[in-house]
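Engineer: Just dropping this structure here.
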Amino acid sequence: MKTAEHLEQSVYVVDDDEPLRTAVTRMLKSAGHRVKSFGSAAEFLLAREGPLRGCIVLDVRMPGPSGFELQAGLNRQAESVPVIFLTGHGDIPMSVRAIKAGAVDFLTKPVLRDTLLSAVDSALALDQERWSRDENRRAMADRLASLTPCELEVYRRVVEGQPNKQIAAEVGSAERTVKAHRARVMEKMGARSIAELVHIADSLASVAEETV
């Protein structure tokens with residue numbers, strides 16, 4: 001299985017209408033997109049391997065799980081790949097439901113080429129932004145994991161605003177030792193200032209809260 005950072009962006013077309021699915025696939029490929037098409041939500045799930053990169057162009061009404069059910073399942077798995085609904089049975093309540101559940105767009109068939117391509121381009125840009133943010137968070141978490149127990153203790157106290165003298169007194173170390181630990185913390189965490197270190201700590205804390 002490919003790791004997340006090695007995945008390429010794809011447009012996943014999930015629609016039981018074969019002629020339309022074929023037409024949409026050709027349209028997207030002609031615009032230079034990498035496309036994978038499926039005739040049902042079940043087929044899509046069966047073929048899925050690992051995290052998703054790109055976006056999903058998804059019908060609402062299909063045999064087996066509906067588009068809404070697939071979207072809900074992905075949400076439960078914390079899979080935040082952008083979803084574009086493309087349906088011939090759309091109405092305002094449906095579009096509101098889709099957007100509230102996190103869809104980035106809700107289009108009705110027949111759809112203009114430029115309209116669909118614009119929606120896909122926007123969705124892929126969102127996915128790239130999400131991926132870059134997640135990679136940055138993973139890198140910060142790796143840096144944090146590289147700290148020794150003593151460095152981690154100093155890191156926690158520094159981001160709480162404690163000065164070196166106070167840290168030294170509370171942990172029972174010489175102030176020069178605390179200064180040395182602090183310098184290594186700054187280097188390992190890639191922080192050029194205390195403000196930047198605090199920002200990194202806040203970002204890592206927000207990730208921890210999201211995963212609870």
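The backbone N, Cα and C atoms fix where each Cβ goes, and this holds for glycine too.
Straight from TrEMBL, here's the annotation block:
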- 10-124: domain 'Response regulatory' (DOMAIN)
- ASP59: 4-aspartylphosphate (MOD_RES)
- 140-205: domain 'HTH luxR-type' (DOMAIN)
Engineer: Taking only same-chain residues 6+ apart in sequence, whose CB is under 8 Å from that of ASP59 (4-aspartylphosphate), what do you get?
Structural biologist: VAL14, ASP15, ASP16, ASP17, GLY67, PHE85, LEU86, THR87
Engineer: Give the residue counts of the domain 'HTH luxR-type' (140-205) per reduced DSSP state, in the order helix, strand, coil.
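Structural biologist: Secondary-structure breakdown of the domain 'HTH luxR-type' (140-205): 52 helix, 0 strand, 14 coil.
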Engineer: Mean pLDDT for the domain 'HTH luxR-type' (140-205), rounded to an integer?
Structural biologist: 93
Engineer: How would DSSP class ASP59 (4-aspartylphosphate) in three states?
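Structural biologist: In the DSSP reduction, ASP59 (4-aspartylphosphate) maps to coil.
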